[in-house]
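Peer 1: One structure is given below, represented as C-alpha cells, and several questions about it will come after.
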Amino acid sequence: MTTSHSGSDYDEDIPLSQSVKRKAERERETAQEIEGSPAPGDEEYNSDEVLALQPKKKKKKWIKVKRSKSGKITKVKSTKKVKKEEGDEADVPKKEEENEEEGEEEKYKWWEDQNSSDQAWTTLKHNGVMFPPPYQPLPSHVKLYYDNKPVELPPDAEEVAGFYAALLETDHGKNPVFQKNFFHDFLQVLKESGGTLNGITIESFDKCDFSKMHAHFELLKEEKKKLSTQERKQLREERLKEEEPFRYCELNGRKEQIGNFRVEPPDLFRGRGKHPKTGKLKRRVQPEDIVLNIGEGEPIPKAPEGHHWGEVKHDTSVQWLAMWRENIFNSYKYVRLAANSSIKGQSDLKKFEKARELKKHIAAIRKDYTRDLKSKVMLERQKAVAIYLIDVFALRAGGEKSEDEADTVGCCSLRYEHVTLQPPNTVIFDFLGKDSIRFYQEVEVDHQVFKNLAIFKRSPKQPGHQLFDRLEPSILNRYFQSYMPGLTAKVFRTYNASQTMQDQLDMIPNEGTVAEKLLRYNAANRTVAILCNHQRTVTKGHAQAVERANYRIQELIWQRIRLKRCLLQMHPEMAKEDPERFEELSTLTKEDEAAIHARIIEREEDKYRRKFARENDKLKFEEAELLEEKVLNEWLQKVEDLKQEFAKELETGEVEIKTKFDSVAKIDKQIERLTERIATSSVQLKDREENSEVSLGTSKINYIDPRLSVAFCKRFDVPIEKIFTKALRQKFDWAIESADEDWRF
DNA sequence: CTCGCGACTTAGGAACGCTGTC
DNA sequence: GACAGCGTTCCTAAGTCGCGAG
C-alpha cells in the first residue's frame, strides 16, 4: 500500500453511510453542458486534490496518488439458497439413448438438496497425491557442451539443463529474460550438487551448447509419435491404472472425481507476457512439502517410501485435498475436486444465481453511476466511471500487482497511457489484461464519462500514473455490497455475459437445420466471447488453411461450371432457356482455370510421390523388396494424362463427357450436390475465420449460464452433445437436469 | 483496522487423440 | 488405410476477493 507521503491531506471522502447526504448534494447540482471543454461544474471537486507526482516505488510499481478511507458497510452474510428449478416435466424423451455416462451408481442430485451448510464437506477420504516419476539421467552420449567440450553434469543439474534444452527452439528458449533466469538457477543447482564432474567450470550462458540435448528430446518426441495405436492404448491403460487410486475420493460418502491429483513436476517456470521471473526453476515438490487435508479418523495415505507428509489436517471449511507451497512466488498450489464434482457444481450454481440476482439491482446501479459521473467528490466520480467501464466494457476489477509480475492491468489499475481520448467522445483503450492479452478497443462512450476521463488524465498526470488514483477493487466491491450482498466486480462479467447470451439467443429464429441453429448459437457465443475479450492466438497454419479452403471452394465451383458446360454441349439450347443458370460460366477466366488445373496437378503428383515414399518406407521396414521407380512413373503418367486432358479442355473449352454423367438428370443431381457442398464449405470457412482469434470455450465454461444453453437445445431441438462436450455435460449436469425449455437467465 | 495471505475462479496454450476425407 | 486437421483434455499460470492475524 502506498501511504500518504506528500504534506497535503486530501479531502475526506464521504462514507457510504452518508450516501443520503451525497445524494442531496448532487441534487443541487445542475445538469452540465456536455460538449466542448468541461463546464466549470465538472471540476468542482475539492482543489486540494493535488496529485502527488514523485514516482514512488515501494512494492508497487505504479503511482497511486492517494488512498481514500471510505466508511465501512456492514457486511451482510450472503444468504445461501439452493435454487429450486422444478419444471422437469418428464419430457426429456430423446435423452434415453445417452448411455455414455456409466450410470452404475445412483446419481446424486445435489441440486435438489437443501444445502445450506457453510462447511465444504463433512467426510472426506482420499489416497493423497501422485508424484511425478524421479529424474531419469540421460544416456551417456547425450551431453551439454561447454566451450565445445562435453560436460559431465550431476543428475540434478542435468535435469535443469534438460528443461532448458527441451525449450531451446521455442519462444521461451529464445527469450533473454528466460535465459538469464534459467541460467542463474541452473548454476545454483550445479553448485548445490557439487559442480561438474569433469572439472569444467560453467560461467557463461553463451558458451553452453544445448543442441545435443535438444536433439535427443526431439528424437524421443518423434519416437513417441510413431507409436502404433495398440501401443498407445497399452500405455494409456497402464497410466490409467496407476492413476486410479488418486483419481477419486470419497466426499460425504460419495465417490467423486479429483481434478489435479498429480503434483506438478519440476520445470522452468513459463510466465506469460513480459514476466520478470520467467525461466526460473520450479523445484521438485517433496512429500514433506505437502499438506494433506482429509476427514478426521480416515486412514492417512502413505507417503512415498522413506518420506513423510509435511502436515495432515482435517479442515472441513476448505475444498482442497492437498496443497504445497511453490518456490517461484511462495504461493500455494492446491489439489482440488474436478469440475464435475458436487462441490464445484454448487459453487457454479451459486455464482450464476448471484449474477441473476444482479438483474434486480442493475437499473439502480446504472442510474446511480450515471448521476455520480457528475459528483463533486473526486472519489465518487472515479467510482462512477470505473463502474461504467466494468459494466459496459466488461473490464476486470484490476488489483495492484507487484514488481515481479508481468505488467498487466484491469479497471482500477488502468494508467494514463492506456486510454487515449479523441473528442468528441471516442476512447481508445489499449492495454494488456489478464494473461497479457491485449485489450484494444476504439469506442464511443457517454459524454460525461469522456469528460471525466479527460479530468483524470489532466496535468500534471502523465504516463505511468494511475487513471483512478483513488480506487482499488476493495473500494468498489465494498460499494457494491450496498446494493446486494456478495456483489463484486466480477459478478458484472458473469451477469453481462449471460444476459448478452440470453439476448442473442432470443434473436435466433426457430427454423432451419440443426447445423444452421448451431452456427447461430456459436455466433451468439462469439458475441459473448468478444465482450469478455477472450482471445486465442491464431495457429501457425491458419493462413495456409484458409487459403487451402478457399482453393477447395474455388475448385468445387469450377467443377460445377464444367458440369454446366457438359449440359450445354449436350443441349446448347439450354443457354437460352435459362441464361441465369449459366451465368457463372463467364465468371471463370482462363487464367483462373489454368491456375486451378495447375494446383490439382501439383496435388496429384504430390500425392503419388508421397504414397511411393510411404510404401517404400514400409517395405524397407519389413525388409521386403522395394517398389521400383517405374511404379512411380506409371502413377505419374496418370497425372500426366490428366494434365493433357486439362490442357485440351482449356484450349477448346470442351469438356469430355464421362459416362458417369451422361444424362441431364445425372448431371443435375451432381450439380445440386456440388452446390450444397459449396454452400456448407463457405459457411464453415466463414465461421472458422471469424473464430480464428476468438476463444469460445472460456465464456462457455465460465460465464454463460449453462441453463441458457440447455433451454436453447430443448426449445430448438438441438442435441445437447452438439454444444457441450462430454466433460462439459458432466460439469453442467445440474443445468441439464434442471432447466426446461422456458428457462430464462 | 489493515493488509497480506489463503483459497478460490478464470485463462490460454500444449498435448492428445479422434474423425472425416481422400 | 493414412493422416491432416481438428476439437477435447490437460496443465498450470494468473486473476479475484474474503478474511483473520497482528
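Even glycines carry a Cβ here, placed using N, Cα and C.
Worth saying up front: this structure is predicted, and the values here are computed from it rather than measured.
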Peer 1: Using TrEMBL as the reference, determine which range in A:272-331, A:572-631, A:632-691 is annotated coiled coil.
Peer 2: A:632-691
Peer 1: How many other Cβ atoms are found within 10 Å of the Cβ atom of A:Tyr703 (active site, O-(3'-phospho-DNA)-tyrosine intermediate), counting all protein chains shown?
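Peer 2: The answer is 25.
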Peer 1: Give, as a single whole number between 0 and 100, the mean pLDDT over the coiled coil (A:632-691).
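Peer 2: Mean pLDDT across the coiled coil (A:632-691) comes out at 79.
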